[in-house]
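The Zn(2+) binding site feature in Swiss-Prot is assigned to 62, 65, 82, 89; the stated evidence is sequence analysis. According to Swiss-Prot, the feature repeat 'BIR' maps to 29-92. For 189-207, the entry in Swiss-Prot reads zinc finger.
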């Protein structure tokens, strides 16, 4: 349905040169392949052909536009996801052309909508699965607030590895509702998960002091 990917074509190379890739060192497919191969990743060709190179166990990056993708290992359609979230990427436009990119985005819209809808409906069920895995409510609140700071990342990785159908964003979205207790009345600090706070706050006084420089970064209060 779509044009065959050809990153060797001179026209494509010219177009990519014009947009000045953010990570020029990974402009070639071979370089992107090596980034996966040295970490013993299998079946990586679909990712490297989509312009992506290995960054970390939970993240890959487009060498051209710099967009990062989380929980990528089990993604079946990296090219479509890349085009959907980064429509102005020079690699995607040069590879598929404007018309091909538009067709791909349109065809992916229905799939994406369905996936989000299913995950949204199953959030209560998946919450129970997380509890069954041994994650307490307070612990999950704590991990969410510190998800992007070592050494707590490994717990997010544990969730992903045990429940392959979770996406990183969905896990964060799922866990974030633990700011409000299940009775929807008691509100807890998003860092320690122990101290009760007002509903218009996210952290207790002690955690605000400890995490002052991260306060804006951690200040999210999604409620399901």
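Start at 1 and count along the chain as shown; that gives each residue its number.
Placed from the backbone N, Cα and C atoms, the Cβ positions cover glycine too.
The Zn(2+) site is defined by 62, 65, 82, 89, and by the 8 Å test on Cβ atoms against their centroid, the other residues of the chain that qualify are 51, 52, 64, 66, 67, 83, 85, 86, 90, 91, 92.
Applying an 8 A CB threshold to same-chain residues 6+ apart, the list for residue 82 (Zn(2+) binding site) reads 50, 51, 52, 62, 67, 69, 89, 92. Break the repeat 'BIR' (29-92) down by DSSP state and the numbers are 24 helix, 12 strand, 28 coil.
Residue 89 (Zn(2+) binding site) is surrounded by 22 other CB atoms, counting those within 10 A of its CB over all protein chains shown. Annotation for residue 65 (Zn(2+) binding site): same-chain Cβ neighbours under 8 Å, separated by at least 6 residues, are 22, 86, 88, 89, 90, 91, 92.
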